[in-house]
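The block underneath contains the structure these notes are about, expressed in structure tokens.
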Amino acid sequence: MKDLLNLLKNQGQIEEFDAIRIGLASPEMIRSWSFGEVKKPETINYRTFKPERDGLFCAKIFGPVKDYECLCGKYKRLKHRGVICEKCGVEVALAKVRRERMGHIELASPVAHIWFLKSLPSRIGLLLDMTLRDIERVLYFESYVVIDPGMTTLEKGQLLNDEQYFEALEEFGDDFDARMGAEAVHELLNAIDLEHEIGRLREEIPQTNSETKIKKLSKRLKLMEAFQGSGNKPEWMVLTVLPVLPPDLRPLVPLDGGRFATSDLNDLYRRVINRNNRLKRLLDLAAPDIIVRNEKRMLQEAVDALLDNGRRGRAITGSNKRPLKSLADMIKGKQGRFRQNLLGKRVDYSGRSVITVGPTLRLHQCGLPKKMALELFKPFIFGKLEGRGMATTIKAAKKMVERELPEVWDVLAEVIREHPVLLNRAPTLHRLGIQAFEPVLIEGKAIQLHPLVCAAYNADFDGDQMAVHVPLTLEAQLEARALMMSTNNILSPANGEPIIVPSQDVVMGLYYMTREAINAKGEGMAFADLQEVDRAYRSGQASLHARVKVRINEKIKGEDGQLTANTRIVDTTVGRALLFQVVPAGLPFDVVNQSMKKKAISKLINHCYRVVGLKDTVIFADQLMYTGFAYSTISGVSIGVNDFVIPDEKARIINAATDEVKEIESQYASGLVTQGEKYNKVIDLWSKANDEVSKAMMANLSKEKVVDREGKEVDQESFNSMYMMADSGARGSAAQIRQLAGMRGLMAKPDGSIIETPITANFREGLNVLQYFISTHGARKGLADTALKTANSGYLTRRLVDVAQDLVVTEIDCGTEHGLLMSPHIEGGDVVEPLGERVLGRVIARDVFKPGSDEVIVPAGTLIDEKWVDFLEVMSVDEVVVRSPITCETRHGICAMCYGRDLARGHRVNIGEAVGVIAAQSIGEPGTQLTMRTFHIGGAASRTSAADNVQVKNGGTIRLHNLKHVVRADGALVAVSRSGELAVADDFGRERERYKLPYGAVISVKEGDKVDPGAIVAKWDPHTHPIVTEVDGTVAFVGMEEGITVKRQTDELTGLTNIEVMDPKDRPAAGKDIRPAVKLIDAAGKDLLLPGTDVPAQYFLPANALVNLTDGAKVSIGDVVARIPQETSKTRDITGGLPRVADLFEARRPKEPSILAEISGTISFGKETKGKRRLVITPNDGSDPYEELIPKWRHLNVFEGEQVNRGEVISDGPSNPHDILRLLGVSSLAKYIVNEIQDVYRLQGVKINDKHIETILRQMLRKVEVSESGDSSFIKGDQVELTQVLEENEQLGTEDKFPAKYERVLLGITKASLSTESFISAASFQETTRVLTEAAVTGKRDFLRGLKENVVVGRLIPAGTGLAYHSERKRQRDLGKPQRVSASEAEAALTEALNSSGN
């Protein structure tokens, strides 16, 4: 018995380990794993079904087929355990050993391992310094390779074909050694002296000048050092022994009908064994060379197919023409070992069913069908029945449950009480996709779900299914209750706003009950308290919308958290008074004294949570839901065709627009405007008309005429059903109503260009055939987009999770001083995001001073909450430096202070929170809502007409930012810089709005001027780009020869002539390299200079520029010399939506990126080359100038002699994030990427907190490139983890050596995931083969720091409750280890001990 217990004990033992190392296996190692050699290709005997001896399923090698029973049956039972049968040679043991015992095949000739050969870059090729092509020719027996040249003129590693080989043989006899096949490669690898080679390479690298050569050499050096450091030997990349997988992992299962299903691996192994045996026989027979060679080649191919079928040549196919699944295929891809079995497993104690509404449930409950519960909780029920003595054995209990006896239901109810279950809806896009509920037993077969959690699950009841899981252990139940209960997840982790927000019917009901109507029944009544209102309403004395006076007893929670009672009389409506009955104590009446739209309800719940806490908010949310359902039923809102009221002005607006379009058409016909201008104008026109129609329609819908108590006719807000739905936010939007009752508007073609003819009809009037046909474009594109979008969005989330999975909060404070500068995000005239919203929940990095003084009002280290936000607003603070994940200095992980508030909990983030995964989910989850392109509403194109002026919204003081301008004769300013901005500041000096001013804008105000709201302060022509003079003078044309560089156009109507610069492509040969220009001269004919420089005032004209002046005309400052027509707007396909987000996270370089100045200095142009201009920037401090060749077609924003600062835009275009990082630093990059990504999400109305994007950015900035190696072990140009460089530099600092210098590098998320320190995480993400090959060669260790690695090896993850477990284990390990002390410390301790004992 004792033995049995010991045996069982051994089985359950888990191995403790801290890291996993992967390496190459030596032949000795493979033999040591093996339990015997597989010599025959046979599997099992077809008559007896017993495994053949020495075959692929041999029991002698791999173990017995039945537990404790040898093959011939001589020894049976446990008592013979460990005996080896003398007849059949099988050891008596558990049959389970067939899953773990390996065999081996002794190969008659060495075989190269295909992974190290073909996985790029080829490791074997790098080591031998041969190309992959050459090595393959040797391996597959096409050429000889010289192994030992002896005293001949040949070189080691030289390739010889047959002729050359035989010539060499005749010439030198056997002074040299040249062979072919894997043996030759094995010999060459064996002969490498790593020490010597590494020394040689280290000397060679500093002496080479060519970049490519250095790259190649450092690659080789890295690989050699990896081999040297890891203890792998190069010759192990060529196999002489092949391991054989345990048979139970490649099973052979009998099907009915006498056939067998087998794993593909058996076929592949069989091929190898057959060819190997044949080769042995041929070698014994001393067969002719050519035959042996062919056989060796076939053996190499067979082993290739076994390891990675299809990597070289055609994949070997089975009987049914599909390629066989090799060992490599087993682990990679979605169906591979990593993703199918290690990262996600199917679990027991789970079930799934359709969901339906449970409007009567409480928030923490879900309805669970009895049948399901009975099955899920079976073991618990058996235990209870037995414990109660109702059943004597488990078998009896099982019978009772199967018969469904009445006492079983009682026991079930008891078991389920207080036992939470987890509900999950696929796709689980964020952590709220799994929540815990207390089950309530219900009849029927569908799970009932509380309506308020639908938003979190993104569930609806049109046939969605959900899965139920039972947490078994006490700890699991505890976590489910404390962390995952739906009542604990009121706020969304993405933005910190409530996610338990009523929608649709509930909103409709609450909105309906809080609306007011003029002259409703009971208007003007006064009530003593809420109960009286209730009675009046129920008895029909007062209508729900009647305006009444009510005496309210409200309890208000003060700053100190105490409730103070307050009684007052308020003007309100009956419905609002009724709603106040469910509002928890502590909130004032004003929160419900308004019509409750969706936004207001969300605000109310948020406010409630912050004021009265979690418990009351949950109860309140439930009450709101019940109330909302009740009153939406009472309201009886429905939609009929008559609700779509078409505005009377529609016809007038459309006729006016049509006339204008005709006018533009005639201008085009007479050549006044170009095709592009016509197109732009027409589209602007219709966009405007559409807006007017929808304004008229909304105005029309939102008001209705009623008679008040005095008998006068007055306007009141309409009770039109459709208007109420849209207005309350229950369903529908203005854009949709516009299509129903206004006009459908402009449509886009599939390629994104807008069709000029709009659809003037709406759905109520109905569409004609042409209009219907135009509509189909958008509708179909919408459907196609949706299908693509879902897949793309899921893939984006997967990449994000993978890059950020190991980012966990590991300490409270990293002590950094750095942070990001936050200011309100102002776009156009609007403050898109005020400062308060951006800093809420962040920690201040540097003291905030009162504007205009040096009094500290917020000390560094303060966590900004709602109260502080209000305070900053009151103190009119404009910018704050906050801690950020990007600047956090924690080595592994991130610190709580840099992260700030845990958005889903509302307090500082806990240690152990997996902030990386939360960030990834928060960004990925709304991905499906992002369109693929940005401009669709059912195909209706939304394009605002191009801005041509700045009209300020608020009054205030004008501020001009980095605006270069000249003053025109009439006193107006003309902008001559591109980065100029105009801002309006209020009386406190806070910026309220900010606008970009394009080049050539005419500005009618000056710095410091006061303006009134609505004033137009700047104007420009949006369709052309002017060139403005900066001095007075006379025009002189340079290189403007008619018919060669320019062509003259005369307008028939006006008789004016324009000169148009020809495109270099269309010019005759003589004009190709001439650059037409306009220069300014004085009366004496001397060149005028630009003010403040010694550069002549000369303006080069790009292709298609139009000049209206004649040679010799007089111009004054600020005049326009030439116009460049701007391109038509093809809804300037800003890659919208999802692709844009993916591009930013992948850090892709845009096609034609903007060109930034590399250094600060003065611009000049050097000698031109064919098709390119040479731009030279000369620094003002006299250091070396910087040169860059720029294609001639790029339109430059700078003129000769202009001063630029490092990082300024020289030529417009989409920004390249890598340039921003290199020239402007990390914080500018962070600002750019955060704003760009937020713009995409904001367009869709999705709110995501900045810190999630910053968290991902931190992971993208993990790597640095070594620019100078100093005394470190890094090589210049190496990409290494920032933490590695910092650690090594610290080490070097203590030894007074030179540290390495480095530049930060931005990696895209895919690349960053693949270059993580953990090879398990990288291999389970993508490119499994490549990752594992690289890891094996370098002998990598995975310290299992991230979440993914720990899931794969089946441990608790080092986050959340698992972090405590991991740190405890680490502490235990450290206790076991002796502490390391330096010699000096030991000496000091010793002397101290001696001294003290001496006393």
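For all residues, glycine too, the Cβ spot is worked out from N, Cα and C.
Taken from Swiss-Prot as is:
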BINDING   Cys70, Cys72, Cys85, Cys88  Zn(2+) 1 binding site
BINDING   Asp460, Asp462, Asp464  Mg(2+) binding site
BINDING   Cys814, Cys888, Cys895, Cys898  Zn(2+) 2 binding site
COMPBIAS  1382-1399  compositional bias 'Low complexity'
REGION    1367-1399  region 'Disordered'
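Annotated features taken from Swiss-Prot, shown on the structure.
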| residue | record | contacts (Cβ under 8 Å, 6+ apart) |
| --- | --- | --- |
| Cys70 | Zn(2+) 1 binding site | Ala59, Pro64, Lys76, Val83, Cys85, Lys87, Cys88, Val90, Glu91, Val92 |
| Cys72 | Zn(2+) 1 binding site | Cys85, Lys87, Cys88, Val90 |
| Asp460 | Mg(2+) binding site | Cys454 |
| Asp462 | Mg(2+) binding site | none |
| Cys814 | Zn(2+) 2 binding site | Cys888, Glu889, Thr890, Cys895, Met897, Cys898 |
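On its own chain, Asp464 (Mg(2+) binding site) has Val354, Ile355, Arg425 as residues at least 6 apart in sequence with a Cβ closer than 8 Å to its own Cβ. Comparing the binding-site residues Cys88, Cys888, Cys898 by how many other C-beta atoms lie within 10 angstroms of each C-beta, the top residue is Cys898. The Cβ of Cys895 (Zn(2+) 2 binding site) has 22 other Cβ atoms within 10 Å, all protein chains considered.
The local packing around Cys85 (Zn(2+) 1 binding site), expressed as other Cβ atoms within 10 Å of its Cβ over all shown chains, amounts to 20.
Cβ atoms within 8 Å of the centroid of the Cβ atoms of Cys70, Cys72, Cys85, Cys88 (the Zn(2+) 1 site) belong to the same-chain residues Ala59, Leu71, Gly73, Lys74, Tyr75, Lys87, Gly89, Val90, site residues excluded.
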